[in-house]
Amino acid sequence: MMFFEAKNIVKQYAGHTALKGVSISVSEGSIFGLLGPNGAGKTTLIRIINQITGPDSGEVFFNGEPLKAEHVHHIGYLPEERGLYKKMKVGEQSIYLAQLKGMSKQDATAKLQAWFKKFDILEWWDKKVEELSKGMAQKIQFITTILHEPKLLIFDEPFSGFDPINANLLKKEILELRDKGCTIIFSTHNMASVEEICDHIALIHKSEKILDGSFEDIKKEYRTNTYNVSFTGDQEKLKANLSSDIEILEHQSGKEFESLRLKLNNGTSSNDLLNQILPHVEIVSFNEIIPSMNDIFIRVVNEKNLSLDFE
Amino acid sequence: MNKILIIIQREYLSRVKKKSFLLLTFLTPILIAGIYAFMIWMMMKDDTEKRTIGVINESELVSPVESKDFTTFEYLENTSFDEAKKMLDTKGYYALLKIPKDILESQSTELFSFKQVTIEVKSEVGSQIRNHIETIKRSKIIAEANMPDLEQKLAATKTPISVKTIKFGDDGEIKQSSTEIAMGLGFAMSFIIYMFIFMYGVQVMRGVIEEKSNRIIEVIISSVKPFQLMMGKIVGVAMVGLTQFLMWVILSGAIIMIGSAIFLPGLDASSIQQASSISQLPSTGQAMNQAQLNMMQDVLGTFDMAYIMSILGGFIFFFLAGYLLYSALFAAVGSAVDNETETQQFMLPISLPLVLALYIGMAAAKNPEGAIAFWGSIIPLTSPIVMLVRIPFGVPLWELLLSMGLLVASFIFVTWVAAKIYRTGILMYGKKVSYKEIWKWLRYHR
């Protein structure tokens with residue numbers, strides 16, 4: 001069952017269209033990656049989901065119901081532009097933000113204490129935010145985003161501005177939440193940062209969705225049958241003995257071994273390739289080159305004859 | 001709990017708990033009381049400095065100035081001006097008075113000194129010589145007229161008139177009123193509103209800018225509607241202002257009462273009145289006293305319950321409505337900019353009507369029925385200030401209702417417009433915003 005759906009969302013601002021009929025479907029308990037360059041329209045879509053702004057046309061469904069005001073209590077949102085009141089104390093401020101999400105003061109306090117204990121930051125409770133480092137503040141922001149146990153979590157550029165340690169902590173907690181049944185939407189231009197944890201991906205480019213599918217399907221669809229072979233031995237001899245269905249894309253000579261990038265055409269399998277190589281040289285490593293989401297994005301844009309320049 | 005209440009609570013508590021708020025709240029009354037105490041002390045304190053003034057009398061007047069209180073006059077016979085000038089140093093004279101030969105014709109005399117002479121000395125010298133000459137002239141006329149009791153007869157012609165102002169009430173009942181009180185009250189109230197709108201409107205604006213520059217705004221408006229946040233902030237800040245205002249009134253009152261009980265025992269209204277009437281022209285002291293007594297009666301007669309209630313009610317209404325109207329505009333300005341330095345271009349259209357209203361208010365205090373006063377008290381942007389100047393003079397009910405109705409309607413309209421600007425503005429970063437841009441925002445439907 002689809003936990004969240006947006007159908008044919010159109011949003012226009014004076015002078016430009018931010019979304020031209022974009023639809024996405026997010027299944028329950030999955031991690032959905034909304035990818036695309038800056039200015040593609042991702043943040044607009046996310047603001048529509050959060051009811052910060054409304055679509056000009058199109059429908060949004062949350063858990064099967066048309067999106068309405070009460071749903072904000074079940075959504076956790078960590079925006080790209082995020083911050084805290086500098087002069088407020090950490091505990092007080094966390095309680096305030098939780099209350100705005102519909103929690104009672106007692107409930108919020110108890111849950112906050114538990115999370116602060118988990119992150120070992122209980123001693124910050126009475127500190128002012130301005131006394132905290134950026135990394136510390138990010139932890140608070142994360143806790144306040146998930147405190148009300150939202151069913152849908154939305155992260156806009158989640159890893160920008162996080163140091164590697166906090167980013168890993170964040171990833172770990174997000175995966176834990178997913179395992180508990182949370183549905184998660186990531187939005188980012190930094191495709192490499194999320195591709196390994198997304199179950200489903202939608203590519204947005206210039207206000208339109210240009211690609212949509214499960215991570216595995218996309219990777220399968222866009223595999224290029226390109227392999228990398230590193231070896232020691234006579235490379236001239238190897239090259240001479242490869243069949244014509246194997247195309248040599250690139251050759252690199254290293255200190256200890258040579259590397260070839262090969263493309264297999266006309267249904268040649270990786271086993272065929274290995275069989276051809278084995279008699280001639282000693283293999284150090286052998287792997288398929290899987291295109292990154294970035295490569296896939298550029299390919300899709302080129303295939304569809306769309307221009308690549310971003311606004 | 002309703003979300004808007006949670007927001008009001010935060011806006012209120014976070015400001016009231018600030019050190020600067022506590023400092024301002026407690027220090028201002030002490031400062032005001034201190035200034036008052038100083039002024040009273042200055043007024044009560046006589047000039048006790050002993051001064052000697054050398055006099056070169058070239059006229060035929062016989063001792064036209066006489067030593068009095070702490071000022072001594074020494075007549076210098078057969079002394080040239082240059083010698084006398086040296087005496088300023090050698091004999092420590094405060095000043096040198098030169099009465100010319102033709103003083104009766106020229107009606108002027110000269111006072112020389114190294115330092116600027118005080119106003120008391122100057123007026124003392126002037127009035128003594130004037131009295132002296134007037135007495136001479138008067139006795140000459142009396143002698144010529146051959147009427148020995150002329151002086152008494154002339155004195156009897158002095159008749160001070162006190163004008164009691166009495167208004168007809170709506171029910172035909174007559175009410176005593178005081179123009180002076182009405183003017184003072186109206187102007188004081190409108191000035192308080194002016195100050196309040198500016199001080200706390202700017203606080204609303206700063207709060208909005210703070211949320212924007214802290215980047216917390218998007219987190220919050222994913223939980224609440226921008227309108228709730230804006231109204232919560234406006235109401236919260238208004239409550240901070242009311243708290244501060246109330247504290248000031250209570251504290252200043254307490255300090256003045258305690259202070260006067262300690263430092264000025266036995267000081268009551270009658271002795272103040274006495275003190276001030278004595279300091280007026282001494283010759284007409286008795287008459288002034290009578291006039292002031294009448295004024296005091298006017299003042300007391302003015303303060304009947306209905307009058308107080310109408311003023312208080314008007315004050316509270318226009319105070320709140322005016323603040324709400326302007327603070328919505330201030331919030332809109334705050335949302336459109338990234339930091340306070342950029343606010344200037346948008347502040348002008350807000351501060352202009354406010355300042356204008358203050359000037360119209362001054363005109364209205366002189367002529368509360370004039371065209372300027374009328375329109376100023378009807379047009380919503382100026383009405384909170386101008387109408388308050390007029391209310392103590394009595395305003396026809398239909399004008400009052402029209403003004404109030406227009407103010408409420410425009411408050412609703414302005415808040416609606418401001419909310420639209422606010423909603424878009426708070427999510428705009430790093431963009432220099434123009435009026436044209438804001439006009440575009442107004443046309444977004446959501």
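Residue numbers in this text run from 1 along the chain shown.
A Cβ is built for glycine as well, from the same backbone N, Cα and C atoms used for every other residue.
What you are looking at is a predicted structure, and each value in this text was computed from that prediction instead of being measured.
The domain 'ABC-2 type transporter transmembrane' annotation in TrEMBL covers B:19-419. If you look up TrEMBL, you'll see B:21-44, B:181-204, B:216-239, B:245-267, B:305-326, B:346-365, B:372-391, B:397-419 marked as transmembrane segment.
In this chain, the transmembrane segment (B:181-204) lies close to the transmembrane segment (B:216-239): three or more C-beta pairs between them fall below 8 angstroms, excluding pairs fewer than 6 positions apart.
Most Cβ pairs under 8 Å with the transmembrane segment (B:397-419) belong to B:305-326, among the candidate stretches B:21-44, B:305-326, B:346-365.
Distant neighbours of the transmembrane segment (B:346-365): 183, 186-187, 190-191, 194, 197-198, 201, 326, 329-330, 333, 336-337, 372-373, 376-377, 381-386, 388-390; these residues of the same chain sit at least 6 beyond its ends, with a Cβ under 8 Å from one of its Cβ atoms.
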